[in-house]
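K.L.:
Before I ask anything, let me first share the structure, which is written out below as structure tokens.
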């Protein structure tokens with residue numbers, strides 16, 4: 001997507017020595033400005049020239065001097081206060097940014113709820129968020145045909161929500177994984193081994209098939225690869241996130257312990273929510289080598305389970321009952337997991353803005369992208385169903401494992417369409433993602449697949465978002481294709497399963 005020239009409001013801070021400095025983001029429309037505002041607030045008490053607290057991100061450093069030299073890079077520029085006498089104070093600027101974020105996210109959330117009710121009332125079985133996503137793409141395409149700047153402004157309106165969703169994305173996938181201890185108890189060691197075997201073999205089969213399809217199509221069309229800009233990395237969490245969520249975790253736990261369970265109804269949701277979020281914050285702050293073993297998703301699920309264990313202990317309701325309250329899936333009182341999963345529909349809606357933003361790339365490499373995605377999605381679903389049948393897994397487990405290559409936001413609707421247990425689907429999706437994230441690049445390199453398009457499509461096709469994240473650290477040329485593929489893979493898989501003949505074929509294979 002072309003960048004619209006939208007500058008952040010200037011913010012004034014007192015600098016060391018009493019000289020007031022004005023900061024302003026000099027980049028074009030910036031999806032991460034909420035995080036910049038948070039980080040700038042952290043800077044208010046730091047007059048040094050060191051990097052901003054928490055890493056800050058590329059190009060964000062505290063200025064050492066009051067240079068008036070302008071720079072075209074994505075950095076914060078200092079200006080003398082005399083140059084901007086009407087600059088709003090930090091509190092005003094911050095409030096405006098948060099209002100923009102709340103408006104954009106709230107609009108998408110309410111739209112998702114209204115659309116779900118409308119689709120259910122019409123008796124349509126197709127996932128309502130996908131209908132909304134296609135609607136968003138259609139509106140943006142139609143608007144851009146009339147006025148490209150208007151389309152860019154519309155994207156900019158919702159960019160705070162899209163950036164926020166991307167930053168917290170893995171958190172919304174966790175609830176089904178948190179419930180695994182209750183679901184896996186009924187499985188024998190032999191069944192667990194077979195499930196893991198299907199996932200391991202499936203990841204590498206899908207990886208190699210997708211890569212070979214992409215290479216074959218590229219050899220036919222011979223479209224030259226242009227230099228692309230990889231998706232921007234979100235800013236790291238700052239100390240306010242850790243302090244705020246840590247304080248909530250501590251106070252709610254003390255409240256549960258002091259009340260002996262009498263405040264369970266009031267404190268259970270915030271305590272378990274804080275346990276989950278703190279696990280995610282801790283998991284994402286681990287060194288990169290540690291994250292290869294202790295992935296943030298696994299750390300988050302483990303911390304949520306520890307929270308459920310502690311809640312059950314101090315209130316006397318026990319671990320099982322405490323964990324069941326985490327994800328109720330009922331129309332009654334929601335648990336912490338229900339609130340997190342209520343945002344999965346918004347995640348799918350956000351794909352519409354991402355796909356629209358990559359429309360030029362999709363048009364230029366349409367044969368490679370769509371040819372690989374469609375064939376890879378069909379192969380992954382059918383081959384997994386066949387392997388589950390050959391491994392002697394029960395029909396319910398086989399159906400739950402089938403959408404293992406799909407991002408969980410869309411894998412769960414597929415599981416619903418196949419009448420499969422969500423927890424088994426979540427387990428298979430995360431397991432496939434972890435295997436692919438750690439070994440896909442190595443396997444492709446060993447087998448001689450060097451083309452960035454093939455590598456990006458293959459890693460995302462076999463390991464969805466986790467495979468895409470692994471690429472981001474070392475293969476910037478492949479990342480745009482992976483980012484597209486992991487969304488399109490889920491969309492295509494959902495469309496295939498929505499076709500009665502294809503769904504009947506999977507059900508026939510799995511038994």
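Glycine too: its Cβ is placed from the backbone N, Cα and C atoms.
Dumping what TrEMBL says about this protein:
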type	residues	note
REGION	44-92	region 'Disordered'
TRANSMEM	130-147	transmembrane segment
TRANSMEM	168-188	transmembrane segment
TRANSMEM	200-221	transmembrane segment
TRANSMEM	242-261	transmembrane segment
TRANSMEM	267-286	transmembrane segment
TRANSMEM	298-319	transmembrane segment
TRANSMEM	339-357	transmembrane segment
TRANSMEM	369-392	transmembrane segment
TRANSMEM	426-444	transmembrane segment
TRANSMEM	456-473	transmembrane segment
TRANSMEM	479-499	transmembrane segment
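I'm curious about the neighbourhood of these features; can you describe it?
P.N.:
Listed as Cβ neighbours of the transmembrane segment (130-147) (distance under 8 Å, sequence separation of 6 or more from its ends, same chain) are residues 111-112, 115, 119, 124, 154-155, 345, 348-349, 351-353, 355-356, 359, 410, 413, 491, 494.
Within the chain carrying the transmembrane segment (242-261), a Cβ under 8 angstroms from the stretch's Cβ atoms is held by residues 267-268, 270-271, 274-275, 277-278, 281, 307, 310-311, 314-317, all 6 or more beyond its ends.
If one looks beyond the transmembrane segment (267-286) by at least 6 residues along the same chain, the residues whose Cβ comes under 8 Å of a Cβ in the stretch are 168, 170-171, 174-175, 178, 236-237, 241-242, 245-246, 248-249, 252-253, 255-256, 259, 294-304, 306-308, 310-311, 322, 325-326, 334-337, 339-340.
Residues 1, 105, 108-109, 111-113, 116, 127-130, 132-137, 140-141, 151, 155, 158-159, 161-162, 165-166, 169, 171-176, 269, 273, 276, 327, 408-410, 412, 483-484, 487-488, 491 of the same chain sit 6 or more residues outside the transmembrane segment (339-357) yet have a Cβ under 8 Å from a Cβ within it.
Sequence-distant neighbours of the transmembrane segment (369-392) (same chain, 6+ residues past either end, Cβ-Cβ under 8 Å): 194, 197-198, 201-202, 205-206, 209-210, 213-214, 217, 362, 398-399, 401-406, 457-458, 461-462, 481, 484-485, 488-489, 492-493, 496-497, 502, 505-506, 509-511.
Through the fold, the transmembrane segment (456-473) approaches residues 169-170, 203-204, 206-208, 210-211, 214, 230-231, 233, 288, 295, 297, 368-369, 372-373, 376-377, 380, 405-408, 429-430, 432-438, 440-441, 444, 449, 479-486, 489-490 of its own chain, all at least 6 residues removed from its boundaries and within a Cβ separation under 8 Å.
Here the transmembrane segment (479-499) has Cβ contacts under 8 Å with residues 125-127, 130, 133, 228-231, 351, 354-355, 358, 361-362, 365, 369-370, 372-374, 376-378, 380-381, 403, 405-407, 409-411, 413-414, 417-418, 452-453, 456-457, 459-461, 464-465, 467-468, 471-472, 506 of the same chain, all six or more residues outside its ends.
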K.L.:
Determine which residues of the chain contact the transmembrane segment (426-444) at the Cβ level, with the cut-off under 8 Å and only residues 6 or more beyond its ends counted.
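P.N.:
For the transmembrane segment (426-444), the nonlocal Cβ contacts are 173, 176-177, 180, 183-184, 195-196, 199-200, 202-204, 207-208, 211, 292, 295, 297-298, 400-401, 403-408, 411-412, 454-455, 458-459, 462-467, 469-471, 474-475.
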